[in-house]
Amino acid sequence: MPALFVTGTGTDIGKTHVSCALIRALKVRGAVVDAFKPVVSGFDPKDAAGSDPARLAIALGDPSAVFRIAPRRYRAPLSPNIAAQLEGETLVLDDMVIDAVARAAELRDGLLLVEGAGGVMSPLTDTQTNLDMIVALGAPVLLVAGSYLGTISHVLTALVALRAAKVRVAAVVISESLDAPDLDQTAQALAPFLDGAPLFLAPRGESWDAGALADHLLAAVAPNAFGGTP
């Protein structure tokens with residue numbers, strides 16, 4: 001399946017920042033790419049333009065695609081299962097997996113970025129986490145982390161969980177956090193522990209060029225992403 005699951009070591013650490021920059025870089029290279037968020041919480045319908053799905057839609061060049069990108073949207077800024085329950089709904093992992101597989105199939109040889117909610121072990125349903133969805137999809141992972149103090153422990157913990165589940169880690173991205181230690185210094189300290197996982201840095205701001213990350217992923221994950229259907 002031509003999909004890459006974008007997950008993180010936690011919430012609000014830069015997944016969408018990285019996804020948007022990656023989408024732009026892939027499009028510049030002529031690759032066919034799309035984005036899908038199986039579920040999003042903390043979504044304000046009165047301010048949809050400021051949401052993560054809207055940012056992804058803009059990066060794709062289709063600002064109207066917000067609802068297509070994120071079919072399950074809930075208001076409360078809580079874990080998706082709780083946010084859904086507050087609106088009288090129950091999330092079913094199989095439904096989200098089926099939707100993601102269908103979206104990937106529509107692209108044929110393109111690449112679908114599936115952006116999770118929260119971190120690797122964040123709950124999606126009452127009994128299942130993002131890791132369960134990753135395993136069900138069988139997709140490689142792009143692991144995004146912040147550069148704050150303590151991030152090395154969080155990255156290594158996430159990698160232990162992913163590798164124990166036999167998940168392929170395509171790359172690790174350190175997304176620059178506000179008021180954090182030096183980004184390069186954090187990367188240098190982390191690199192020896194990654195056991196071969198490629199490491200990339202994502203400075204803050206829209207000017208970051210994810211070209212090197214895009215080139216790596218096209219070669220490692222989606223070598224046929226130039227022949228899909230947009």
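Just so it is clear, glycine is given a Cβ too, placed from its N, Cα and C backbone atoms.
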Task = Have a look through ASP52, ASP209, ASP215 and flag the one Swiss-Prot assigns to the ATP site that ASP12, ILE13, GLY14, LYS15, THR16, HIS17, GLU115, GLY116, ALA117, GLY118, SER175, GLU176 belong to.
result = ASP52
Inquiry  = For ASP12, ASP52, listed as binding-site residues, tell me which one has the smallest number of other Cβ atoms within 10 Å.
reply    = ASP12
Key: Whole-number Å value for how far SER41 (substrate binding site) lies from ASP52 (ATP binding site) (Cα to Cα)   = 10
Inquiry  = If you compare CA-to-CA distances from THR16 (ATP binding site) to each of the recorded positions LYS37, SER41, GLU115, which comes out shortest?
reply    = GLU115
Message = Which one is it, among the recorded positions ASP12, GLY14, LYS37, SER41, that lies nearest to GLU115 (Mg(2+) binding site) by Cα separation?
response = LYS37
Query = In Å, how large is the greatest distance between any two Cα atoms among ASP12, ILE13, GLY14, LYS15, THR16, HIS17, ASP52, GLU115, GLY116, ALA117, GLY118, SER175, GLU176, the listed binders of ATP?
reply = 19
Query = Between GLY118 (ATP binding site) and LYS37 (active site), what C-alpha distance do you get in Å?
reply = 11
